[in-house]
Structure formats: C-alpha cells, structure tokens
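A short write-up of the structure that comes next.
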C-alpha cells in the first residue's frame, strides 16, 4: 500500500478559526464569533484545525463521521469554555431556552403600559406639531439605542453581558459604571413597580364601583386596602422562578396593553367632543412656568419609552452559539414588539388629544374618558377597559421586578455559595412586594410623576447606549459614527437634566396633589 507523505497527514489549514473562551452557564453555551481578518491570515492552531478534509481523506467512513460530528459539536458549543455556576442559580440566567417569540412578549409587555395613557397630557402643553415631532424623534432615537444594546450583548468575544449594569461596567469601568447605571435602573424597576401598585389598586377600586354600581355595600374597601389586594396578587404571581417562566404572563400583558390602548382611544374619538375644547397649548402666567411645563411634557414623552433597562436581561434568556447568536432572535422579537408599541402609543397620544384637547386632566386619557363619558359609554365596556388595565399592571409588575429579585439572589448566592431555596426565594419576593406597597402608601403621588421619572431615567434609554457603543466598539475617531453617537449621548444627558428640572417644578407647582385616577364622587 502506497504511503502518503507525512506532511500531507499533518497539514494545517491556512485559515483556522481563533479560539475564544467564554464564561457561560451550563444551560446556555456560546461559541466564539467568526475570526477577524488578522486571525484568518494567521496560522494559529485551534482544537478543530486538525480535523481538515486532507486529514480525513485517508480515514474510513465511520471514523470520518465521528470526527466530523466532533468538529461540529466543538464549533456549536464553543472552545475551552468556562462555566459560571452562579449564573445558573439566578432568575435572569437560570433558564436559557428563550426565543424570538419570548423576546417579543417581554419587550411589548415592558414597553407598553400606564405611561402611554398620559401622553395626551404632554400634547396639551406641546400642541399638535411639537407633540407629534417629539414623539416621532423619541421613538426613532430609542429604537436606535435598543439596536445598540442588542449588538453590545456579545460585543466582546467570549463574554455575554447579561445585565445592563454589567455592560455599563465594561464600558465605563467597574466603579463608574456601577454608579452611573445602578441608580436609574433600580429606580426604573422599583419605581415602576411601586407606581403599578398604585395604578393597579386604584383601577381595581374603579372596576369594583362600576360593576357593583348602586348595590355596593355601605362599607367598601378603602384605596389603601385595594393597594394591599393588588400587592397580594403581585406577590402570588412573583413566585414564578425565572424570567423565561413569566413569558406567558408577558404575553397576557402584551395582549391586554394593546387591547385597552385601542379601546381607550377608539371610545374617546367615537364620543362627542366637549364644547369648549381647544388645541392651543396651555398658557401659563409666566415665561419660566411655560418653559418648565414644556420640559415636563417632554419628560412624559421620554418616559413613554421605558424598557431598555431590561433589554440585556431579556437577551440573556436566549441560547447563543457560533451558528445561532442570541442577537438574531432578540432583534427579530424587538422589531415586532416595537411595531405594536408604535400602534399603541401614537393613536393614544393623537386620538386622546383630538378628543379632549387641552381639557385633558393630569391623570391622562383614562381619567378623561371616565370623567367626560362615564354616563355615555356602557358600563360593560368601561369595566372591561379597567379590568384589562389591572391585568396589564399585574404582568408588568413581574418583568420590572425580576432584576430586583436577581440582585437579591445574587447577593445571597455570593455570600453562601449555594442557590436560594424555595423559601428564601419566596421570602425575598414577599419582602420586596410589601416594601413597594409601603412606599406607595407613603408616596401616593408617585404614579403621577411621569415627567420626573422620564428625566431621571432618560440616560438609560437615550444616552448611555451611545456612549457604550463608542467606548466598546471604538469606531474611527472623528468619523461620522463617532460624532453621531457622542452628540446623541450628550444631548441625552442635557435633556435628562432639563426634563428632571421640569418634573420637579411640576411636582412643586401642583403641591404634590396629582393623582393618576380620580375616584368618582
């Protein structure tokens, strides 16, 4: 039998892949990204480089199949991976079987909610032109920054940034990134959860009054007691273990959000408009008051686009491999979600302002619908609208609270080096639910501070992602990409300061007496 030259048996391909290890969880492993041009031109050895066609040529078919399958397996699961067992114990990364459908459900549930109902209030101060222009610019801007976050999830080969704070630390440094990102993300999660308790409890009270009507008992539950009822329901649902396990709740939240947003603006525009309606922006006694009110209105528009603080966490629930990276299904789901978000936000803002003009109460379109047309609309439709709002608040509470649950359990597992038992996990969630309840009782005006919330948390959505792109991706200095992201980032910071000042002014000017819903007399 003729022997082949030894050099042919041990030949190494001219373009091997570079090996890039990654710290991963056992439930979702990640192979390296395609090698760069420099790596392709090198002759570095990789664990699969010896499994070449020239090496396989003299080997029999069964052995060849084994080696080809082994090569595919190595490319699929990654090379020289390291496992981080703590990630497998935490709610965000415990399960990595998410997909594009889950991404759409979670993004839609996080992106549409009670903040959409107060958009017509912003239009009352901005008018038609500036209101539509600001809403359109904010929508396009936040869609671009969402794309940035999706791409940066695996920007560094061998590393997945599973949480927003982790990405901020990678971009700004460990300490600075923690200080910049921790407060607004926690404020968004905990503040939104508290506002949801207030809105959900008050909506449950209105629903009960509409359904019960004159047959209500002489001693109905107080508003605080309805807060407690809603909090108890939230705590029961929060016992679902991880982010993927609440995909069904997110689907319910998405469906209810789309439904009640549509019902609210359709019912509003189908009724006769108030006779004294006007579409001129509200005029205030002084120039400074007008400026601050406009800033507060723009803060309300900014607050309508929340959910970016959850983008990294949602993408972390998906498996990611060399052939099927996580950013592909994540972006597919996000595009679908934000298409429906646009179908909710724009009609509510435009239809609500058309129906009520500058007579729009500070509580938003749902408050206006009840105040102007409670006797014109069938009680069944009103009750259905309020019930859908309750379901949406229950679902949104879960996804916004999950990062807080993750932080609690991360601290516990770091100290004890073992996963949380079911009792410890339940204790954390009961504790968080009642802490949110007590904050809501102490600060019952929190749900009305949309402008201030929008200003304080605006960098998470509009500014930080632009800075992160420049610092991590490092585009060519003084290029269009470099200038564009720096300008957008600093504009976001400037708007954050201005909108926060406008929100504080609005809060002080109203004497802290704002309410999202006003119970009927």
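Cβ coordinates are placed from backbone N, Cα and C, and glycine is handled just like the others.
Residues or ranges marked as domain 'Amino acid transporter transmembrane' by TrEMBL: 97-508.
Residues or ranges marked as region 'Disordered' in TrEMBL: 1-45.
The transmembrane segment annotation in TrEMBL covers 108-130 (among others). Sequence-distant contacts of the transmembrane segment (108-130), counting only residues of its own chain at least 6 positions beyond either end whose CB sits under 8 Å from a CB of the stretch, comprise 195-196, 199, 249-251, 253-254, 257-258, 261, 264, 279-282, 293-294, 296-298, 300-301, 303-307, 310, 314, 336-338, 340-341, 344-345, 348-350, 352-353, 356-358, 360-366, 368, 389, 392-393, 395-396, 399-400, 447, 450, 516.
According to TrEMBL, the transmembrane segment annotation covers 136-156 (among others). Residues 30, 33, 164, 167, 170, 301-302, 304-305, 308, 311-312, 315-316, 320, 325-327, 330-331, 334, 338, 342, 345, 461-462, 465-466, 468-469, 472-473, 488 of the same chain lie 6+ residues outside the transmembrane segment (136-156) yet bring a C-beta within less than 8 angstroms of a C-beta in it.
Remote same-chain partners of the transmembrane segment (176-199), defined as residues 6 or more beyond its termini with a Cβ less than 8 Å from a stretch Cβ, comprise 113-114, 164-165, 167-170, 227, 230-231, 234, 306, 309, 389, 393, 396-397, 400-401, 403-404, 407, 432, 436-437, 439-440, 443-444, 446-447, 453, 456-457, 459-460, 464, 516-517. Here TrEMBL flags 176-199 (among others) as transmembrane segment.
The transmembrane segment feature in TrEMBL is assigned to 247-267 (among others).
The feature transmembrane segment is assigned by TrEMBL to 287-305 (among others).
Per TrEMBL, the feature transmembrane segment maps to 336-357 (among others). Cβ atoms under 8 Å from those of the transmembrane segment (336-357) belong to residues 100, 103-108, 111-112, 116-117, 119-120, 122-124, 128, 131-132, 135, 139, 143, 146, 254, 257-258, 261-262, 264-266, 268-269, 271, 273-274, 277-279, 304, 364-365, 368, 372 of the same chain, restricted to positions at least 6 beyond its ends.
Per TrEMBL, the feature transmembrane segment maps to 377-401 (among others).
If you look up TrEMBL, you'll see 422-443 (among others) marked as transmembrane segment.
Positions annotated as transmembrane segment by TrEMBL: 449-471 (among others).
Here TrEMBL flags 483-508 (among others) as transmembrane segment. Outside the transmembrane segment (483-508) by six or more residues, the chain places 141, 144, 289, 291-299, 302, 445, 449, 451-456, 458-459, 461-464, 466-467, 469-470, 475, 514 with a CB less than 8 A from a CB of the stretch.
Of the Cβ pairs linking the transmembrane segment (247-267) with the transmembrane segment (377-401) and spaced 6 or more residues apart, 3 or more are under 8 Å, so the two regions touch. Nonlocal intrachain contacts for the transmembrane segment (377-401), taken as residues 6+ away from its ends with a CB within less than 8 angstroms of a stretch CB, comprise 106, 109-110, 112-114, 188-189, 192-193, 196-197, 199-200, 203-204, 206-207, 210-211, 213, 230, 233-234, 237-238, 240, 243, 246, 249-250, 252-254, 256-257, 259-260, 263-264, 267, 271, 310, 366, 369-370, 429, 432. Long-range Cβ contacts of the transmembrane segment (449-471) within its own chain (Cβ-Cβ under 8 Å, at least 6 residues beyond either end) map to 115, 118, 121, 138, 141-142, 145-146, 148-149, 151-152, 164, 167-168, 170-172, 180-181, 184-185, 187-188, 191, 195, 295-309, 482, 485-486, 488-493, 495-504, 506-507, 514.
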